[in-house]
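TrEMBL has this to say about the protein:
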- 1-18: signal peptide (SIGNAL)
- 34-55: transmembrane segment (TRANSMEM)
- 62-81: transmembrane segment (TRANSMEM)
- 93-118: transmembrane segment (TRANSMEM)
- 150-173: transmembrane segment (TRANSMEM)
- 217-238: transmembrane segment (TRANSMEM)
- 250-271: transmembrane segment (TRANSMEM)
- 276-295: transmembrane segment (TRANSMEM)
- 301-334: transmembrane segment (TRANSMEM)
- 346-367: transmembrane segment (TRANSMEM)
- 527-551: transmembrane segment (TRANSMEM)
- 558-578: transmembrane segment (TRANSMEM)
- 584-602: transmembrane segment (TRANSMEM)
Amino acid sequence: MRVLIAAAGAFVATLALCAGTTPGSLSEVLDGGGLVALAAFAALAVGGWWAIGWLPTAIWRWAVPLGAVVALAELAGLSLLREEADLWLLRPSGWSVVHVLGTAYVSAVGLALVLHLADLHQGHPASSGGALARFAASLARPRPWRSLGILWGVIVLCRLPYLLAWWPGLIFFDTYRSLSYARGLGPWESYEPVGHSLLITAWNGVWQLLGLGDAAALAMAASVQVLTSSAAFAFMLWRVAAWGVGPRTWWALWAWIALLPVLSMSSITVVKDIPFMSAFIVFLVGIVEVSRAIARGDRAWWPWVLVLASGIATMVLRNNGVHVVLLGVALLVIPFRRQWKRALALFAGCVVAYALYAFPLAAALGVQPGPKTEAWSVPLQQIARIADDHHAELSDEDRAFVDSVFTAWSVDDVGEHYIPGFADPIKLDARTAWEERTTGEFLAGWARLVTEYPGSAVTATLANTVGYWAPGAPSYDGVVTASWNDVRGIHLDIPFSHSGADGDVAPAGGVPAFAERHGLLDEGYRAIPVVGLTLSPGVVTWIWIVALVVLWRRRAGLDAAFALPAAALMATFLAGPVSGGMRYALGFYATVPIVVAVAAVARRQGPLARPRVGA
């Protein structure tokens with residue numbers, strides 16, 4: 001039976017591999033690829049035969065259903081990323097069955113191996129075994145300041161080539177809004193987080209005080225951001241070492257942080273998402289520290305203070321941070337019930353801090369509310385999709401409702417402007433007409449449409465979120481590789497920029513031109529086997545899911561408390577305007593070491609492994 005399962009699985013996996021992502025006949029699949037198919041079949045059959053025979057049955061109970069989910073999510077992603085952006089590929093056909101079964105087989109074997117390795121991981125740092133192992137172990141000592149400084153410096157050095165290549169750094173479109181507030185070119189709006197706008201105001205003040213040129217000012221901001229984000233990463237890796245992660249795992253996590261182009265390019269881009277990412281890193285580390293303290297009966301206050309301080313920073317540096325922190329901290333009362341009074345005090349502290357931030361501070365700055373349509377990406381995309389699919393059959397009442405939602409477009413042509421993975425065009429057109437009805441009237445009309453056409457509504461939401469959950473799905477917007485300019489009446493004398501006025505891109509030279517020409521930060525990078533998958537937010541989501549499955553199998557509920565605010569963050573992504581937005585997903589990219597480390601050191605039906613003395 002073992003040989004039969006391995007051979008059958010390898011056969012369908014080979015067919016799926018050769019078939020690629022486009023449906024075709026068996027003769028087309030194997031045409032000219034016989035040797036490649038034979039080699040793939042042999043490798044998959046031998047690997048499956050070994051895994052089925054040697055890995056425990058308990059692991060397969062998890063790996064098989066999880067592999068099936070991965071396969072279905074992957075096929076759904078392929079279908080939604082087509083021009084039609086529908087679920088047509090999920091319809092039963094010979095190609096789809098082979099694709100799902102083959103992908104499920106490979107995924108199940110791979111997941112079984114990962115779960116088995118997680119079970120074998122002892123989680124104790126080695127005291128010897130070479131300089132690299134000794135350095136990782138030194139971070140878990142009582143006073144690791146020298147090693148911590150070296151760690152921070154090395155991460156900064158890994159960022160410098162990116163800063164020098166894209167000198168003087170990059171500035172994104174959104175930052176110009178905050179810069180316009182700082183320069184008095186318009187009223188302050190809550191569209192941009194007030195906390196980050198204050199940082200931009202401080203930057204602008206130093207800029208003007210020192211009389212810096214535009215390029216020098218951008219270089220200063222990008223450099224400060226590299227230093228501060230690297231400090232957050234170093235802090236996280238320090239605590240990961242203190243939690244008891246082995247040196248090999250620790251260095252793998254270091255490589256993820258130091259060498260991943262997504263994080264390096266983001267660190268030199270002046271935009272709100274980077275300070276938010278740094279605060280979110282510290283916030284999750286603090287929650288893990290509280291979990292560890294509760295598990296060992298330690299009533300020290302410093303982890304709680306760390307969570308409170310970083311939680312406040314998370315709330316003020318990005319608007320969705322409010323939902324992440326308040327919802328996440330409220331839910332933390334459940335796993336932290338042994339110290340429920342402190343948990344409630346933590347929640348109260350966050351609420352008070354947000355109240356002071358949202359009301360007295362906002363009033364003092366004269367902050368005006370942002371566009372209300374920003375909170376309604378999901379229903380607006382659903383309405384546009386329904387109009388696109390069914391405009392010829394809508395009732396007079398439904399047609400009138402859709403016409404009332406949009407300004408420049410009617411029910412018959414709104415579908416021409418609907419972009420499945422990007423809600424901004426639809427939101428922008430709905431913005432002007434929003435005040436013509438109450439929220440209740442809008443929700444009533446939306447609910448009626450969704451009830452009548454649930455298929456289109458579900459497809460719209462899946463298409464607008466596919467980048468976050470489909471393995472290998474690309475980010476809609478990708479990595480920022482060029483500055484924006486001429487936005488909100490502000491022109492900066494900086495190189496290599498998108499023009500907000502006409503949408504053109506200034507010609508690039510040097511490394512940016514080479515990277516753009518060869519797709520080193522988009523399709524060219526994605527084409528690299530295995531490594532290219534790191535450019536997909538969906539893959540990062542699945543890293544999180546697999547690590548959380550490890551914690552679930554070990555019944556490590558207290559250890560997994562940090563996942564509650566992370567889940568709240570993911571919920572804000574799914575309700576957002578972009579499919580797999582790379583800037584939005586940075587928090588998940590940056591905190592992969594946390595979820596992997598906690599999964600590595602957690603013990604079945606018990607607390608996290610006790611740290612080394614002084615950790």
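One-based numbering along the chain as shown.
Heads up, the Cβ atoms here are built off N, Cα and C, so glycines get one too.
Listed by sequence, the residues of this chain that lie at least six past the ends of the transmembrane segment (584-602) yet keep a Cβ under 8 A from its Cβ atoms are 118, 121, 123, 232-233, 236-237, 240, 243-246, 249, 253, 256-257, 260, 262-263, 266, 273-274, 276-277, 280-281, 284-285, 288, 468, 475, 537, 540-541, 543-544, 547-548, 550-551, 554, 556, 559-560, 562-563, 566, 569-570, 573, 576, 578, 608-609. Under 8 Å from some Cβ of the transmembrane segment (217-238) lie the Cβ atoms of residues 139, 144, 148, 151-152, 155-156, 159-160, 163, 167-171, 203, 206-207, 250, 253-254, 257-258, 263, 267-270, 274-275, 277-279, 281-282, 285, 483, 492, 494, 590-591, 593-594, all in the same chain and six or more residues away from its ends. If you look at the transmembrane segment (527-551) against the transmembrane segment (346-367), you find fewer than three C-beta pairs under 8 angstroms, all six or more positions apart, and that falls short of contact. Counting residues 6+ beyond its ends, the transmembrane segment (301-334) has Cβ neighbours under 8 Å at 190, 193-196, 272-273, 275-276, 279-280, 282-283, 285-287, 289-290, 292-293, 340, 342-347, 349-351, 353-354, 357, 561, 564-569, 571-572, 576 in the same chain. Residues 2-3, 5-7, 9-11, 13-14, 17-18, 105-106, 109, 112-113, 116 of the same chain lie 6+ residues outside the transmembrane segment (34-55) yet bring a C-beta within less than 8 angstroms of a C-beta in it.
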